[in-house]
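For reference, the structure discussed in these notes is given below.
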Amino acid sequence: MTLASPKGNGKMVAFPRGLTSIAASVVILAMFLIFASWLLVSFPIGSAIRGYFYSVDRKIVLPASKNVDYSYSNSSSGLNLELPTMSSNSSVVVNNEKAQVSIRSVEKDSMASESNVEPSSSGKDSVDLKNNETLEKPTELPKLSSRATEKKADMSCFPSSNTSESNSVDSGCDLYNGKWFYDPQGPSYTNNSCPVITQMQNCQGNGRPDKEYENWRWKPSKCDLPRFDAKKFLELMRGKTLAFIGDSVARNQMESMLCLLWQVEVPQNRGNKRMQRWHFVSTSVMIVRIWSSWLVRETTEKIDFAPEGVTKLHLDAPDDKLMEFIPNFDVTVISSGHWFAKQSVYVLNNEIVGGQLWWPNGSPPMKVNNVDAFGISVETILSAILTHPNYTGLTIVRSFSPDHYEGGAWNTGGSCTGKEKPLAISELVENGFTNIMHEKQVSGFERAVKKATNKSKLQLMDITEVFSYRHDGHPGPYRNPDPNKITKRGPDGKPPPQDCLHWCMPGPIDTWNELVLEIIRREFDGNRNLSS
């Protein structure tokens with residue numbers, strides 16, 4: 001049935017009101033769809049939806065930051081100077097930090113002679129004695145203003161993560177001024193839970209009867225140094241390489257790092273004859289170790305009146321092998337010193353200028369002794385790193401590791417037998433050799449910073465005075481698992497052969513890697529906070 005329109009053409013069809021409403025709704029819906037499409041184009045939500053449904057990892061992995069800033073203060077002279085980077089007229093900026101180095105004058109008359117060896121054995125575990133849970137009164141340390149380098153970093157521009165993480169520390173805290181305290185929780189690993197401990201440092205496996213030395217931890221005065229967080233470390237270092245470079249004490253620290261990380265992930269061994277390499281697959285973190293006893297070029301060919309076969313150290317040339325690999329590293333922990341007590345000849349500008357345990361009769365007077373040679377070597381290797389055109393990483397210089405041979409040197413009856421807890425302040429005995437080596441190292445560090453031209457960063461991790469109190473942390477006579485070894489002084493008072501230079505594992509050396517983690521956290525977390 002059709003209805004005629006009351007007006008106009010009779011052929012026009014009039015629609016009922018219901019159909020008109022439907023048409024209007026369709027028009028409104030079309031307009032809404034057009035508007036919604038515009039919103040989707042302007043503000044896409046696809047990536048957010050993919051994140052929810054496919055668990056897309058949106059974590060930001062940042063490279064090491066590029067800037068450096070150092071200023072130094074010589075407390076003995078009252079001299080404050082800004083250290084330049086490009087030239088003597090340009091100041092070096094590192095992280096907007098202001099670091100101060102205090103150097104104490106040290107008597108040069110008292111020097112001990114140390115030695116160091118690189119054992120090839122890798123120890124397994126055998127003995128795990130009951131832990132001593134007795135809470136001891138903390139051993140207070142004096143303010144480290146005499147020998148230790150005091151790094152006062154102004155990091156106020158970096159938000160502190162204390163509000164979000166209970167194990168964080170204040171980024172501006174001086175890490176090297178504090179005390180040792182007894183922690184009944186004990187170490188993060190045992191000699192039974194880490195298979196890469198060198199046998200000489202496996203003190204419990206070698207029968208050491210006491211364990212209290214494992215429980216003492218370092219507490220900075222104005223903040224907390226967290227226990228090592230292996231997951232945190234691997235996340236901060238995601239996709240990066242950390243290299244330990246130096247002698248057997250550097251190996252000691254590298255093994256400590258592996259043991260700490262081993263508790264959350266077993267790494268793959270990808271090493272070869274030239275380099276030890278351990279790969280943590282979950283985060284693609286590589287831990288590397290390169291052997292470099294002196295950090296400078298070493299040769300044995302005949303030079304002038306020094307015959308073939310005697311080790312010659314070219315103090316003005318860095319270790320070639322080290323410099324070949326340095327661009328591949330994101331964080332480098334570098335250390336040395338103890339091998340300068342070994343026999344060697346010192347060469348500068350292809351001229352023999354000195355020697356250690358070698359200087360023929362009738363030769364001209366020596367111009368450079370072993371401690372001066374150490375200072376020159378530090379300047380040489382750090383200058384080479386700071387001017388390498390392809391290196392942009394973070395270099396951590398671990399300061400000279402103190403030994404605790406008492407009553408003689410390593411080869412003249414020195415001993416640390418029977419030491420079971422940190423020294424009290426009144427018990428600390430100054431070690432002239434340690435003092436002068438530390439001073440030469442800091443001086444070489446300062447001179448190198450003045451030559452910096454690249455965008456890498458340099459930090460001094462000053463553990464020397466802090467660890468002067470830890471005479472209890474060495475293997476002593478517990479260097480091997482021989483059940484018949486002599487561990488006590490004989491009837492004549494002569495001590496047994498022992499190691500008072502390397503550190504038991506677990507033990508105080510694990511603190512070095514807690515400090516390394518905190519330095520890395522300040523560097524990488526700070527930059528992440530700034531960029532977020």
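Heads up, the Cβ atoms here are built off N, Cα and C, so glycines get one too.
Quick look at what TrEMBL lists:
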COMPBIAS  112-124  compositional bias 'Polar residues'
COMPBIAS  125-140  compositional bias 'Basic and acidic residues'
COMPBIAS  156-165  compositional bias 'Low complexity'
DOMAIN    172-224  domain 'Trichome birefringence-like N-terminal'
DOMAIN    225-518  domain 'Trichome birefringence-like C-terminal'
REGION    104-165  region 'Disordered'
REGION    471-498  region 'Disordered'
TRANSMEM  20-41  transmembrane segment
Can you work out which residues elsewhere in the same chain, 6+ from the ends of the region 'Disordered' (471-498), have a Cβ less than 8 Å from its Cβ atoms? 126, 199-203, 205-208, 212-213, 216, 403-404, 406-407, 413-423, 504, 507-509
Please give the average pLDDT for the domain 'Trichome birefringence-like N-terminal' (172-224) in this predicted model. 96
Per DSSP, the region 'Disordered' (471-498) contains 3 helix, 1 strand, 24 coil
What is the three-state DSSP composition of the domain 'Trichome birefringence-like N-terminal' (172-224), stated as helix, strand and coil residue counts? 6 helix, 10 strand, 37 coil
